[in-house]
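Colleague: One structure, pasted below without further comment.
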Amino acid sequence: MSVTADGRRMLRIEAKNAETPIESKPRWIRTTAKVGPEYRDIKNRVKGAGLHTVCQEAGCPNINECWEDREATFLIGGDTCSRRCDFCQIKSGRPSPLDMDEPRRVAENVREMGLRYATITGVTRDDLDDEGAWLYAEVVKKIHELNPNTGVENLTPDFSNRPELLKVVFDSQPEVFAHNLETVPRIFKRIRPAFKYDRSLEVIQAAHDYGLVTKSNLILGMGEKKEEVRAAIKDLADAGTDILTITQYLRPSSMHHPIERWVKPEEFMEHSDAAYELGIKAVMSGPLVRSSYRAGRLYAQAKQARGEAIPENLKHLEETLDSTTSQEASTLLERYGASEDTPVTASRR
(Lines of atoms letter the chains of each structure in order from A and count residues from 1; the text may use other names and numbers.)
(Lines give C-alpha, C1' and ligand atoms only; values in the text may rest on other atoms or scores of the structure.)
Protein backbone atom coordinates (compact mmCIF):
# COMPACT_ATOMS: atom_id res chain seq x y z
CA MET A 1 0.00 0.00 0.00
CA SER A 2 1.37 3.42 -1.01
CA VAL A 3 0.95 6.30 1.41
CA THR A 4 1.53 10.05 1.22
CA ALA A 5 4.00 12.00 3.35
CA ASP A 6 1.25 12.73 5.89
CA GLY A 7 0.28 9.06 6.17
CA ARG A 8 -2.81 9.12 3.96
CA ARG A 9 -3.36 6.15 1.68
CA MET A 10 -2.74 7.14 -1.93
CA LEU A 11 -5.57 7.05 -4.41
CA ARG A 12 -5.03 4.60 -7.25
CA ILE A 13 -4.49 7.44 -9.72
CA GLU A 14 -1.97 9.09 -7.37
CA ALA A 15 0.03 5.86 -7.07
CA LYS A 16 0.06 5.50 -10.85
CA ASN A 17 1.20 9.10 -11.30
CA ALA A 18 3.98 8.60 -8.74
CA GLU A 19 5.57 5.97 -10.98
CA THR A 20 6.76 8.84 -13.21
CA PRO A 21 9.62 10.94 -11.73
CA ILE A 22 9.34 14.73 -11.48
CA GLU A 23 10.39 16.31 -14.77
CA SER A 24 13.32 18.65 -15.48
CA LYS A 25 12.26 22.12 -16.69
CA PRO A 26 13.44 23.71 -19.96
CA ARG A 27 15.42 26.94 -19.95
CA TRP A 28 12.44 29.21 -20.64
CA ILE A 29 10.66 28.12 -17.42
CA ARG A 30 12.43 30.74 -15.35
CA THR A 31 11.46 33.81 -13.36
CA THR A 32 13.36 37.03 -12.82
CA ALA A 33 12.37 38.85 -9.64
CA LYS A 34 12.16 42.63 -9.89
CA VAL A 35 11.04 44.27 -6.69
CA GLY A 36 9.49 47.74 -6.88
CA PRO A 37 7.97 50.18 -4.37
CA GLU A 38 4.38 48.91 -4.71
CA TYR A 39 5.49 45.33 -4.07
CA ARG A 40 7.45 46.40 -0.99
CA ASP A 41 4.49 48.35 0.35
CA ILE A 42 2.08 45.41 -0.05
CA LYS A 43 4.59 42.99 1.45
CA ASN A 44 4.99 45.19 4.50
CA ARG A 45 1.21 45.54 4.87
CA VAL A 46 0.68 41.78 4.57
CA LYS A 47 3.40 41.01 7.09
CA GLY A 48 2.30 43.69 9.52
CA ALA A 49 -1.35 42.61 9.54
CA GLY A 50 -0.71 38.86 9.35
CA LEU A 51 -2.66 38.51 6.11
CA HIS A 52 -2.70 35.49 3.80
CA THR A 53 -2.91 35.36 0.00
CA VAL A 54 -2.77 32.59 -2.57
CA CYS A 55 0.09 34.51 -4.15
CA GLN A 56 2.38 33.75 -1.20
CA GLU A 57 1.06 30.40 -0.03
CA ALA A 58 1.14 28.85 -3.52
CA GLY A 59 4.58 30.29 -4.26
CA CYS A 60 3.31 32.00 -7.42
CA PRO A 61 6.19 32.89 -9.78
CA ASN A 62 4.50 36.17 -10.69
CA ILE A 63 3.95 37.62 -7.23
CA ASN A 64 6.44 40.47 -7.72
CA GLU A 65 4.83 41.64 -10.94
CA CYS A 66 1.22 41.34 -9.76
CA TRP A 67 1.84 43.01 -6.43
CA GLU A 68 3.62 45.84 -8.23
CA ASP A 69 0.27 46.33 -10.01
CA ARG A 70 -1.43 46.09 -6.59
CA GLU A 71 -3.25 42.91 -7.54
CA ALA A 72 -3.63 39.75 -5.45
CA THR A 73 -5.62 36.50 -5.30
CA PHE A 74 -7.57 35.05 -2.37
CA LEU A 75 -8.76 31.45 -1.85
CA ILE A 76 -12.16 31.13 -0.18
CA GLY A 77 -14.34 28.30 1.07
CA GLY A 78 -11.64 26.46 3.03
CA ASP A 79 -8.57 24.44 2.10
CA THR A 80 -10.33 21.20 1.07
CA CYS A 81 -12.12 20.69 -2.25
CA SER A 82 -15.06 18.34 -2.70
CA ARG A 83 -13.71 17.35 -6.14
CA ARG A 84 -10.26 16.25 -7.31
CA CYS A 85 -8.52 17.41 -10.49
CA ASP A 86 -5.32 15.62 -11.46
CA PHE A 87 -3.31 18.83 -11.88
CA CYS A 88 -4.40 20.70 -8.76
CA GLN A 89 -2.43 20.89 -5.52
CA ILE A 90 -5.45 21.70 -3.33
CA LYS A 91 -6.34 18.66 -1.24
CA SER A 92 -9.66 16.93 -1.79
CA GLY A 93 -12.02 15.36 0.73
CA ARG A 94 -14.77 16.46 3.11
CA PRO A 95 -14.60 20.26 3.52
CA SER A 96 -14.91 22.00 6.87
CA PRO A 97 -18.08 23.93 7.76
CA LEU A 98 -18.43 27.23 5.93
CA ASP A 99 -16.94 30.29 7.64
CA MET A 100 -19.76 32.84 7.39
CA ASP A 101 -17.46 35.71 8.39
CA GLU A 102 -15.00 35.08 5.56
CA PRO A 103 -16.48 37.67 3.15
CA ARG A 104 -15.92 40.48 5.65
CA ARG A 105 -12.37 39.39 6.41
CA VAL A 106 -11.41 39.09 2.75
CA ALA A 107 -12.83 42.56 2.05
CA GLU A 108 -10.87 44.00 4.95
CA ASN A 109 -7.71 42.28 3.71
CA VAL A 110 -8.22 43.89 0.31
CA ARG A 111 -8.55 47.27 1.99
CA GLU A 112 -5.53 46.71 4.22
CA MET A 113 -3.41 45.77 1.19
CA GLY A 114 -4.63 48.74 -0.84
CA LEU A 115 -5.41 46.58 -3.86
CA ARG A 116 -6.57 47.96 -7.18
CA TYR A 117 -7.79 44.56 -8.40
CA ALA A 118 -8.57 41.34 -6.52
CA THR A 119 -9.17 37.85 -7.85
CA ILE A 120 -11.36 35.57 -5.75
CA THR A 121 -11.10 31.84 -6.28
CA GLY A 122 -11.95 28.89 -4.12
CA VAL A 123 -12.73 25.25 -3.66
CA THR A 124 -15.76 23.37 -4.97
CA ARG A 125 -18.38 22.85 -2.25
CA ASP A 126 -20.69 20.07 -3.41
CA ASP A 127 -21.40 19.40 0.27
CA LEU A 128 -23.50 22.58 0.50
CA ASP A 129 -27.04 22.95 -0.82
CA ASP A 130 -26.02 26.06 -2.79
CA GLU A 131 -22.55 24.65 -3.64
CA GLY A 132 -20.99 27.81 -2.20
CA ALA A 133 -22.82 30.29 -4.45
CA TRP A 134 -23.72 32.57 -1.53
CA LEU A 135 -20.10 32.73 -0.42
CA TYR A 136 -18.72 33.61 -3.86
CA ALA A 137 -21.37 36.30 -4.28
CA GLU A 138 -21.05 37.73 -0.78
CA VAL A 139 -17.27 38.12 -1.04
CA VAL A 140 -17.70 40.21 -4.19
CA LYS A 141 -20.37 42.36 -2.53
CA LYS A 142 -18.28 42.96 0.59
CA ILE A 143 -15.18 43.88 -1.41
CA HIS A 144 -17.16 46.38 -3.47
CA GLU A 145 -18.77 47.77 -0.32
CA LEU A 146 -15.48 48.40 1.50
CA ASN A 147 -13.31 49.03 -1.58
CA PRO A 148 -15.27 50.97 -4.23
CA ASN A 149 -12.14 51.55 -6.32
CA THR A 150 -11.12 47.89 -6.46
CA GLY A 151 -12.02 45.65 -9.38
CA VAL A 152 -13.09 42.10 -8.51
CA GLU A 153 -12.69 38.96 -10.57
CA ASN A 154 -14.71 35.92 -9.46
CA LEU A 155 -13.08 32.63 -10.51
CA THR A 156 -15.66 30.01 -9.60
CA PRO A 157 -16.52 26.31 -9.92
CA ASP A 158 -19.44 25.32 -12.16
CA PHE A 159 -22.20 25.13 -9.48
CA SER A 160 -23.41 22.11 -11.48
CA ASN A 161 -24.69 24.67 -14.02
CA ARG A 162 -27.78 25.25 -11.87
CA PRO A 163 -29.34 28.49 -13.18
CA GLU A 164 -30.60 29.64 -9.78
CA LEU A 165 -27.09 29.33 -8.28
CA LEU A 166 -25.37 30.99 -11.22
CA LYS A 167 -27.79 33.91 -10.93
CA VAL A 168 -26.81 34.42 -7.29
CA VAL A 169 -23.18 34.77 -8.35
CA PHE A 170 -23.91 36.86 -11.45
CA ASP A 171 -26.10 39.27 -9.46
CA SER A 172 -23.10 40.19 -7.29
CA GLN A 173 -21.76 41.98 -10.39
CA PRO A 174 -18.06 41.08 -10.43
CA GLU A 175 -16.02 43.01 -12.98
CA VAL A 176 -15.07 39.62 -14.47
CA PHE A 177 -16.74 36.23 -14.12
CA ALA A 178 -14.20 33.45 -14.70
CA HIS A 179 -14.62 29.71 -14.99
CA ASN A 180 -11.67 27.67 -16.19
CA LEU A 181 -12.11 25.03 -18.88
CA GLU A 182 -8.47 23.89 -18.38
CA THR A 183 -8.15 21.15 -21.01
CA VAL A 184 -9.52 19.54 -24.18
CA PRO A 185 -12.42 17.06 -24.56
CA ARG A 186 -10.37 13.92 -25.27
CA ILE A 187 -8.55 13.98 -21.92
CA PHE A 188 -11.04 16.04 -19.92
CA LYS A 189 -12.55 13.14 -17.96
CA ARG A 190 -9.09 11.84 -17.06
CA ILE A 191 -7.94 15.24 -15.82
CA ARG A 192 -11.18 16.64 -14.35
CA PRO A 193 -13.42 13.63 -13.62
CA ALA A 194 -15.99 15.55 -11.55
CA PHE A 195 -16.45 18.28 -14.16
CA LYS A 196 -17.89 18.16 -17.69
CA TYR A 197 -16.43 19.93 -20.72
CA ASP A 198 -19.78 20.98 -22.20
CA ARG A 199 -21.13 22.02 -18.81
CA SER A 200 -18.19 24.36 -18.25
CA LEU A 201 -18.82 25.96 -21.64
CA GLU A 202 -22.50 26.35 -20.73
CA VAL A 203 -21.55 28.18 -17.52
CA ILE A 204 -19.41 30.64 -19.49
CA GLN A 205 -22.21 31.08 -22.03
CA ALA A 206 -24.67 31.84 -19.23
CA ALA A 207 -22.37 34.54 -17.81
CA HIS A 208 -21.92 36.01 -21.28
CA ASP A 209 -25.69 36.06 -21.86
CA TYR A 210 -26.12 37.81 -18.50
CA GLY A 211 -23.82 40.57 -19.77
CA LEU A 212 -20.69 39.96 -17.70
CA VAL A 213 -17.12 40.12 -18.94
CA THR A 214 -16.12 36.45 -19.10
CA LYS A 215 -12.81 34.66 -18.74
CA SER A 216 -11.33 31.16 -18.91
CA ASN A 217 -8.01 29.33 -18.86
CA LEU A 218 -6.32 26.47 -20.71
CA ILE A 219 -3.42 24.44 -19.30
CA LEU A 220 -1.08 22.85 -21.84
CA GLY A 221 1.24 19.89 -21.41
CA MET A 222 -1.19 17.33 -19.99
CA GLY A 223 -1.56 15.21 -23.13
CA GLU A 224 -3.50 17.44 -25.50
CA LYS A 225 -2.55 17.90 -29.15
CA LYS A 226 -1.91 21.24 -30.79
CA GLU A 227 -4.97 21.04 -33.03
CA GLU A 228 -7.12 20.14 -30.02
CA VAL A 229 -6.04 23.34 -28.29
CA ARG A 230 -7.17 25.36 -31.31
CA ALA A 231 -10.55 23.57 -31.22
CA ALA A 232 -10.96 24.29 -27.50
CA ILE A 233 -10.17 27.97 -28.09
CA LYS A 234 -12.90 28.05 -30.74
CA ASP A 235 -15.34 26.43 -28.31
CA LEU A 236 -14.51 29.10 -25.74
CA ALA A 237 -14.91 31.88 -28.28
CA ASP A 238 -18.26 30.47 -29.42
CA ALA A 239 -19.40 30.40 -25.77
CA GLY A 240 -18.72 34.13 -25.44
CA THR A 241 -15.37 34.12 -23.65
CA ASP A 242 -13.86 37.63 -23.56
CA ILE A 243 -10.55 36.89 -21.83
CA LEU A 244 -8.34 33.82 -22.16
CA THR A 245 -5.15 32.82 -20.38
CA ILE A 246 -3.03 29.91 -21.63
CA THR A 247 -0.32 28.34 -19.50
CA GLN A 248 2.11 25.43 -19.19
CA TYR A 249 1.24 22.68 -16.73
CA LEU A 250 3.77 22.41 -13.91
CA ARG A 251 3.42 19.30 -11.78
CA PRO A 252 2.81 20.08 -8.07
CA SER A 253 4.09 16.69 -6.89
CA SER A 254 4.80 13.16 -8.05
CA MET A 255 1.21 12.22 -7.16
CA HIS A 256 -0.14 14.57 -9.81
CA HIS A 257 -0.52 14.05 -13.55
CA PRO A 258 2.88 13.69 -15.29
CA ILE A 259 3.95 16.39 -17.74
CA GLU A 260 3.43 15.09 -21.27
CA ARG A 261 5.30 17.85 -23.12
CA TRP A 262 7.00 21.19 -22.71
CA VAL A 263 5.19 23.71 -24.88
CA LYS A 264 7.49 26.17 -26.64
CA PRO A 265 6.93 29.93 -26.39
CA GLU A 266 6.43 29.92 -30.16
CA GLU A 267 3.39 27.67 -29.81
CA PHE A 268 1.97 29.86 -27.06
CA MET A 269 2.19 32.79 -29.49
CA GLU A 270 0.38 30.78 -32.16
CA HIS A 271 -2.47 30.00 -29.77
CA SER A 272 -2.66 33.66 -28.74
CA ASP A 273 -2.93 34.76 -32.36
CA ALA A 274 -5.60 32.13 -33.00
CA ALA A 275 -7.63 33.30 -30.00
CA TYR A 276 -7.65 36.89 -31.23
CA GLU A 277 -8.59 35.74 -34.73
CA LEU A 278 -11.53 33.82 -33.26
CA GLY A 279 -12.83 36.92 -31.50
CA ILE A 280 -11.52 36.67 -27.94
CA LYS A 281 -10.91 40.20 -26.70
CA ALA A 282 -7.87 39.83 -24.43
CA VAL A 283 -5.30 37.03 -24.28
CA MET A 284 -2.28 36.29 -22.11
CA SER A 285 -0.33 33.23 -23.25
CA GLY A 286 2.95 31.89 -21.93
CA PRO A 287 4.51 29.06 -19.89
CA LEU A 288 4.33 30.84 -16.52
CA VAL A 289 1.18 32.82 -17.17
CA ARG A 290 -1.44 31.96 -14.55
CA SER A 291 -5.17 32.61 -14.75
CA SER A 292 -4.98 35.65 -12.46
CA TYR A 293 -1.76 37.03 -14.02
CA ARG A 294 -2.13 40.73 -14.94
CA ALA A 295 -5.87 40.31 -14.43
CA GLY A 296 -6.62 44.02 -14.12
CA ARG A 297 -4.85 44.77 -17.37
CA LEU A 298 -6.78 42.02 -19.18
CA TYR A 299 -10.07 43.36 -17.82
CA ALA A 300 -9.28 46.86 -19.09
CA GLN A 301 -8.22 45.48 -22.47
CA ALA A 302 -11.42 43.42 -22.77
CA LYS A 303 -13.64 46.36 -21.86
CA GLN A 304 -12.03 48.50 -24.54
CA ALA A 305 -12.34 45.72 -27.13
CA ARG A 306 -16.02 45.31 -26.23
CA GLY A 307 -16.49 49.01 -26.94
CA GLU A 308 -17.40 49.71 -23.32
CA ALA A 309 -16.09 52.47 -21.10
CA ILE A 310 -14.18 51.50 -18.01
CA PRO A 311 -16.09 52.82 -14.96
CA GLU A 312 -14.69 56.03 -13.49
CA ASN A 313 -13.83 54.34 -10.20
CA LEU A 314 -11.64 51.82 -12.09
CA LYS A 315 -10.03 54.19 -14.61
CA HIS A 316 -6.70 53.58 -12.87
CA LEU A 317 -6.61 50.11 -14.47
CA GLU A 318 -6.04 51.75 -17.85
CA GLU A 319 -2.55 52.66 -16.64
CA THR A 320 -1.53 48.99 -16.91
CA LEU A 321 -2.42 48.62 -20.59
CA ASP A 322 0.98 49.71 -21.90
CA SER A 323 3.10 48.01 -19.24
CA THR A 324 5.41 45.10 -20.09
CA THR A 325 4.49 41.51 -19.22
CA SER A 326 7.48 39.39 -18.23
CA GLN A 327 5.76 36.02 -18.65
CA GLU A 328 4.07 36.51 -22.02
CA ALA A 329 5.52 34.22 -24.71
CA SER A 330 6.68 37.10 -26.90
CA THR A 331 8.69 38.54 -24.00
CA LEU A 332 10.33 35.15 -23.37
CA LEU A 333 11.41 34.88 -27.01
CA GLU A 334 13.03 38.31 -26.80
CA ARG A 335 14.83 37.24 -23.62
CA TYR A 336 15.93 33.70 -24.54
CA GLY A 337 15.76 33.52 -28.34
CA ALA A 338 14.18 30.79 -30.44
CA SER A 339 13.40 27.57 -28.58
CA GLU A 340 14.86 24.16 -29.25
CA ASP A 341 13.00 20.89 -28.81
CA THR A 342 13.04 19.94 -25.13
CA PRO A 343 11.93 16.37 -24.42
CA VAL A 344 10.35 15.62 -21.06
CA THR A 345 13.01 14.00 -18.86
CA ALA A 346 13.32 13.30 -15.16
CA SER A 347 14.77 16.04 -12.99
CA ARG A 348 18.29 15.50 -11.66
CA ARG A 349 17.36 17.09 -8.35
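Glycine is no exception: its Cβ is also placed from the backbone N, Cα and C atoms.
What Swiss-Prot shows for this protein is this:
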- Cys55, Cys60, Cys66, Ser292: [4Fe-4S] cluster 1 binding site (BINDING)
- 67-281: domain 'Radical SAM core' (DOMAIN)
- Cys81, Cys85, Cys88: [4Fe-4S] cluster 2 binding site (BINDING)
- 321-349: region 'Disordered' (REGION)
Colleague: If you count CB neighbours within 10 Å, which one among the binding-site residues Cys55, Cys81, Cys85, Cys88 has the smallest count?
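Modeller: Comparing Cβ neighbour counts within 10 Å for the binding-site residues Cys55, Cys81, Cys85, Cys88 gives Cys88.
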Colleague: Just name the most isolated of the binding-site residues Cys60, Cys66, going by other Cβ atoms within 10 Å of its Cβ.
Modeller: Cys60
Colleague: Residues near the [4Fe-4S] cluster 2 site, Cys81, Cys85, Cys88 excluded, by Cβ within 8 Å of the Cβ center?
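Modeller: Surrounding the site, in chain order, are Arg83, Arg84, Phe87, Gln89, Ile90, Ser92, Val123, Thr124.
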Colleague: For Cys81 ([4Fe-4S] cluster 2 binding site), which of the three DSSP-derived states applies: helix, strand, or coil?
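Modeller: Where Cys81 ([4Fe-4S] cluster 2 binding site) sits, the three-state DSSP reduction gives strand.
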Colleague: Any same-chain residues 6+ apart from Ser292 ([4Fe-4S] cluster 1 binding site) with CB under 8 Å of its CB? Would you list them in sequence order, or say none?
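Modeller: When sequence neighbours closer than 6 are ignored, Ser292 ([4Fe-4S] cluster 1 binding site) has Cys66, Glu71, Thr73, Thr119, Thr121, Glu153, Leu155 within Cβ distance under 8 Å.
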Colleague: Return the member of Cys81, Cys85, Cys88 nearest to Cys55 ([4Fe-4S] cluster 1 binding site) in space, with distance defined Cα to Cα and candidates limited to these binding-site residues.
Modeller: Cys88
Colleague: Could you tell me the mean pLDDT over the domain 'Radical SAM core' (67-281), as a whole number?
Modeller: 96
Colleague: Pop the Cα-Cα gap between Cys60 ([4Fe-4S] cluster 1 binding site) and Cys81 ([4Fe-4S] cluster 2 binding site) into the table, whole Å please.
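Modeller: A Cα-Cα distance of 20 Å.
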Colleague: Looking only at C-alpha atoms, tell me how far Cys85 ([4Fe-4S] cluster 2 binding site) is from Cys60 ([4Fe-4S] cluster 1 binding site), rounded to the nearest Å.
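Modeller: Given the Cα positions, Cys85 ([4Fe-4S] cluster 2 binding site) is 19 Å from Cys60 ([4Fe-4S] cluster 1 binding site).
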Colleague: Any idea what the Cα distance is from Cys88 ([4Fe-4S] cluster 2 binding site) over to Cys60 ([4Fe-4S] cluster 1 binding site), rounded to a whole Å?
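Modeller: Here the two Cα atoms are 14 Å apart.
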